[in-house]
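Colleague: Below are the features listed in Swiss-Prot for this protein:
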- Asp45, Gly46, Asn122, Glu123, Arg149, Asp151, Ala186: NAD(+) binding site (BINDING)
- Asp45: active site, proton acceptor (ACT_SITE)
Amino acid sequence: MRYTILTKGDSKSNALKHKMINHMKDFQMVEDSENPEIVISVGGDGTLLQAFHQYSHMLSKVAFVGIHTGHLGFYADWLPHEVEKLIIEINNSEFQVIEYPLLELIVRYNDNGYETRYLALNEATMKTENGSTLVVDVNIRGKHFERFRGDGLCISTPSGSTAYNKALGGALIHPSLEAMQIAEIASINNRVFRTVGSPLVLPKHHTCLITPVNHDTIRTTIDHVSIKHKNVNAIQYRVANEKVRFARFRPFPFWKRVHDSFISSDDER
């Protein structure tokens, strides 16, 4: 089994990485950061997001597993004291692969049809560069839906619906549903300007095209990465064809994670 380990960079996570590497020498495991079969993230959800983007070019060939050295995360499901058990599981069993939907966004520029494509595991946001009111036309399936005015828009995946989307009042969506969700960020609603005022959940075959009005410099965030785009014509969002693959060695139910993170954990009862 070819593996690689990425850490948060703190002393606790780095020490755990070295412990795992030494333990893996007793097994038929080869450290290979160029072509791993399994990527082990040590830290938290932020570390796993970084690992996802580092290996987003080979998602069909790699599976991710997370070890959390801080707070309980939605992606990191193993604890530091369980690493030896995890290594044994990796070597002794055929692990189950769970696939989650991803978000695709294509930024189209006014420069001779030039465009760039990105994938997001959690969400992508769209705002102006300087924090002024974002004015955009929202088109769904090729039809004009609304003209949005506000701070911005957040487009999330089902697994990312528990993150920024939840703080915006969006719905929590089970990752088995191939969908994306559009949530408003401080929309302007009065007698003159109106938006739908509710999160929208779009299925896989629906495409959302957002076109800036009177400004062509847009700042997007793609998970933890912030990017400034100049001369933007439009940004297209849809459920990606690719999926992220997680290695599962034991049950890790989505709704239990939601309960433990936002209501109470088992050890608090």
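Cβ atoms here come from the backbone N, Cα and C positions, even for glycine.
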Colleague: Measure the Cβ-based neighbour count of Ala186 (NAD(+) binding site), defined as the other Cβ atoms within 10 Å of its Cβ.
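Modeller: 11, counting other Cβ atoms within 10 Å of Ala186 (NAD(+) binding site).
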Colleague: Give me the count of other Cβ atoms within 10 A of the Cβ belonging to Asp45 (NAD(+) binding site).
Modeller: 24
Colleague: Quick one: largest C-alpha distance among Asp45, Gly46, Asn122, Glu123, Arg149, Asp151, Ala186, binding NAD(+) per the record, in angstrom?
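Modeller: Per the listed residues, the maximum Cα distance equals 31 Å.
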Colleague: Give me the count of other Cβ atoms within 10 A of the Cβ belonging to Gly46 (NAD(+) binding site).
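Modeller: Neighbour count, Cβ to Cβ under the 10 Å cut-off: 16.
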Colleague: Which ones in the same chain are close to Arg149 (NAD(+) binding site), with CB under 8 Å and 6+ residues apart in sequence?
Modeller: Thr133, Leu134, Val135, Ser187, Ile188, Phe193, Thr195
Colleague: What is the total of other Cβ atoms whose distance to the Cβ of Asn122 (NAD(+) binding site) is within 10 Å?
Modeller: 25
Colleague: Check the DSSP secondary structure of Ala186 (NAD(+) binding site), expressed as helix, strand or coil.
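Modeller: The three-state answer is strand.
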Colleague: Can you check what DSSP calls Asp45 (NAD(+) binding site), collapsed to helix, strand or coil?
Modeller: helix
